[in-house]
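Quick look at what TrEMBL lists:
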- 20-47: domain 'C2H2-type' (DOMAIN)
- 48-75: domain 'C2H2-type' (DOMAIN)
- 76-103: domain 'C2H2-type' (DOMAIN)
- 104-131: domain 'C2H2-type' (DOMAIN)
- 132-159: domain 'C2H2-type' (DOMAIN)
- 160-188: domain 'C2H2-type' (DOMAIN)
- 193-220: domain 'C2H2-type' (DOMAIN)
- 221-248: domain 'C2H2-type' (DOMAIN)
- 249-276: domain 'C2H2-type' (DOMAIN)
- 277-304: domain 'C2H2-type' (DOMAIN)
- 305-327: domain 'C2H2-type' (DOMAIN)
Amino acid sequence: MSSKQQIITHKNSCETLGAIICSTCGKTYKSKAKLDLHIKTHVSPKVFNCASCEKVFVTNKQLTSHMKTHTKERPYMCEICNKSYKRKYELTGHKKVHTGTKNHVCDICGYATMYKAYLEIHQRRHFSEFRFKCHLCGKGFYTNFELQAHSNVHTGEKPHQCDICGKAFLYKANLLTHQRTNHPDMQKDAKRFQCETCGKNFPYKKNLLSHLGSHTGETQFLCDVCGKSLTNSRSLKLHRRLHTGEKPCICTVCGKAFTKSFTLKVHQLTHTGQKPHSCDICGKSFTQRSTLVVHKRYHTGQRPYHCQICNKGFVSKTLLNTHQRSHDKSYFFSL
């Protein structure tokens, strides 16, 4: 059958379904407006060139929209918070933050979200097999982001550090829980756009959408030593120090070196004797706020960490880990 006959046959089937077909190439569209735009690719050259970057566009409307990236013009403003955007669809997406509207709903389990990208990530869990597997333990994950987060379990790396007390965590979600519990004042400055997958906050929607690439595996910050992917250049720089042993932050008093400036600042308190964090119950002082938080649990009786074997409670994760090793020993001796 000739290509012309194929187009005619295809056109008849599409007309039955209510689709609109291009008579030149057979491509189908849901609306006439989209078809008209497509037809221009056949009948006219792409003559709309950007004078700044030489990018080519099919229509003048597309060129006009693109030019805003050079002029930094933001004509679309939110009447609620006065935030402005270059394109109308960006403003439309932003308004959902104020209304709380979640139009994108999973037709399998009912999960709802404001953004289509989140729904696509979520639906992979229904339809996809594990695309990424840990080469050490064989555990499977849906996204590269989840695999990279899991790999820290094997390396012992805790990349998410509290910028107030210095406590580090394996997962971002654990850091956020810690900050809500121990540093509630931070919530007053909470940023507007939060990732529903990992809880990370961003000041602008464009930052959030860019961040989504870390969940889909589309990240460009790769460690050339171990292949681990990081979400930004700063995280990659700090990670590489684990391989090189580089410790550029040096104490001027004793010469001890550290990988991070924050760790150096905490260390320097041991020389000055300064203990800025004091217990309002007994008056005891500490160099780190995280130590004070643990100390206060002795007063309040709070034991947030429980052994899964005997249910005994502890004031810190370190004490729990030490305790659990006693169960491990008794287990091996019983074999």
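Including glycine, each Cβ sits where the backbone N, Cα and C put it.
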DSSP residue counts for the domain 'C2H2-type' (305-327), split into helix, strand and coil: 11 helix, 4 strand, 8 coil
State the residues, same chain only, that lie 6 or more residues beyond the ends of the domain 'C2H2-type' (249-276) and have a CB under 8 A from a CB inside it; answer 'none' if no residue qualifies. 161, 163, 166, 238, 241-242, 285-288
How many of the residues that make up the domain 'C2H2-type' (104-131) does DSSP mark as helix, as strand and as coil? 12 helix, 4 strand, 12 coil
Let's see if you can do this one: DSSP helix, strand and coil counts over the domain 'C2H2-type' (277-304), in that order. 12 helix, 4 strand, 12 coil
